[in-house]
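Novice: Have a look at this one.
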Ligand code: SF4
Ligand code: SF4
């Protein structure tokens, strides 16, 4: 183990943890604001620290403080096994968190003759890890429902558990189709093989290679994360609030956060398997390294344009309505961020200028390529999280029998058929 | 019996509807349209930015915060008859009577307080009062405070509240 490999391992682990944990408040905020905008209202945008609202993200942190400070309340009918009752949400939370840890954020970094994975847990059987760990999450749900000693919670847990178990089959089968197609169980190798071209003009992303398996994967992952339209674990009209009825304060928050981490993990798996992961379409890692100067110039041109558009948007929208007297620091906030963004862009421009024309430092260049890939990954992740959120405000909840029917009558046979066809094609091609 | 049975054709029987995915696409189109329209111009979203923008459409029948009315000579209209406190379903009015020395009536309230945390703003007190001494026409819809005691309105505060829709004095007494 060299110093470089230790640094890369630690920083990718830190990055993974940060991406998983920091996205919780951001996603909670994003979900509420998106919901607002979809429904022609605004969502939380008032909370601020010294006038800095950041569009209202501060609200999520205020909520965290509130939940932490709330009274820990245990229902009096839970006589023994309180620690198990407490453990249940932790299981769900940790499972969702650990499942995220095998997603590669960038291509393998080559320093000297060492190949270093930019993956929080550097293992090469990522798909199996994901399948194994993410399905543990439902145990926390079952525990929670069972230990609540409450019929509604038990029913909610039973519904969630049976749905997750039903959808695990088509999920596994669709992933099997991808394993056959890519011929690997390593997420990173999957992404690498998606950087090729299909028929000479399409990027060989999973969605084009395996459209049916991709749709099944997306549907089943929606079910696995217990999100709309598959929120059968909850159901205000039939079973009160589902398995978390008896949970309060931080215990409830654990379930709540686990849902968002699970959504984040599902998005990460979807983009890694079928949307090319950290790759930009048509551009492979080797191409980026070989044509570093071109890449740097492209970014140098693109960055100011993107930042200008964003600043324009911010100046238009981060202000009070004309005709409203008070401003409460919004103008200052806009000014501050405008300057901050401009300074940041200029700094990036200078670094790129130096790297592209005045330095032949290969290490710095490959680190820069890694950073670009991480940025691509994060952007794709956020786009897909937005998709998850917008689906929630589009589709109503399925009835329970519809959920089971969809899983067993349609998705399972379709997934089996798809595997059959995939196997035929793969064998046919290799002959 | 059977002739009363109406067979209703299921609405979604076409292949397009059964596939479900086109329907999701249709729904997403609407969701996206609203989202991007509002995102591009947040100030155009038609909502009331509450603390800065105050509601302009409070009608004079709106039950706002209570007030005690005055007679034309500015003395208190209330005669401490306890009708309102008796009618109050949440027992949140606390009245103490004392002898009246300004020559109008026999009694007046020595203290008169309403615990607005318990009040349900039903307006029964206003209905019960025989001399139009208590009203809820202040138009005050937001009540804030830092501690519980701030929400108990005493006689001075109730007398200081102004009516928002004309009618300054009690109609019943002079
Ligand atoms: S509004 Fe109703 S609850 Fe409130 S003080 Fe009057 S009678 Fe009592
Ligand atoms: S407010 Fe009206 S009902 Fe209540 S004590 Fe005074 S006079 Fe009587």
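The backbone N, Cα and C atoms fix where each Cβ goes, glycine too.
Here's the feature list from TrEMBL:
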BINDING   B:78, B:81, B:84, B:129  [4Fe-4S] cluster 1 binding site
BINDING   B:88, B:119, B:122, B:125  [4Fe-4S] cluster 2 binding site
DOMAIN    B:68-98  domain '4Fe-4S ferredoxin-type'
DOMAIN    B:110-139  domain '4Fe-4S ferredoxin-type'
Novice: Can you figure out which of B:88, B:119, B:122, B:125 (the binding-site residues) comes closest in space to residue B:78 ([4Fe-4S] cluster 1 binding site), comparing Cα atoms?
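Specialist: The answer is B:125.
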Novice: Taking each of B:78, B:81, B:88, B:125 in turn, which of these binding-site residues have a Cβ less than 8 Å away from a Cβ in chain A?
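Specialist: Among the binding-site residues B:78, B:81, B:88, B:125, not one has a Cβ sitting under 8 Å from a Cβ of chain A.
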Novice: Other residues near the [4Fe-4S] cluster 2 site, CB within 8 A of the CB centroid of B:88, B:119, B:122, B:125?
Specialist: B:84, B:87, B:89, B:90, B:92, B:93, B:114, B:120, B:121, B:123, B:124
Novice: Quick test of your reading of the structure: among the binding-site residues B:78, B:81, B:88, B:119, B:122, whose CB sits under 6 A from ligand 2?
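Specialist: The qualifying binding-site residues are B:78, B:81.
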Novice: Among B:78, B:81, B:119, B:125, B:129, please name the binding-site residues whose Cβ is nearer than 6 Å to ligand 1.
Specialist: B:119, B:125
Novice: State the Cα to Cα distance, in Å, between residue B:125 ([4Fe-4S] cluster 2 binding site) and residue B:81 ([4Fe-4S] cluster 1 binding site), rounded to an integer.
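Specialist: A Cα-Cα distance of 12 Å.
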Novice: Taking the Cβ of residue B:88 ([4Fe-4S] cluster 2 binding site) as the centre, count every other Cβ atom within 10 Å, in any protein chain shown.
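Specialist: The answer is 19.
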Novice: Quick one: what's DSSP say for residue B:129 ([4Fe-4S] cluster 1 binding site), helix, strand or coil?
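Specialist: Assignment for residue B:129 ([4Fe-4S] cluster 1 binding site) reads coil.
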Novice: Given the binding-site residues B:78, B:84, which one is most crowded in terms of C-beta atoms within 10 angstroms?
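Specialist: Selected residue: B:78.
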Novice: Far apart in sequence but close in space: which same-chain residues, 6 or more away, have a Cβ under 8 Å from residue B:129 ([4Fe-4S] cluster 1 binding site)?
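Specialist: Expected: B:78, B:83, B:84.
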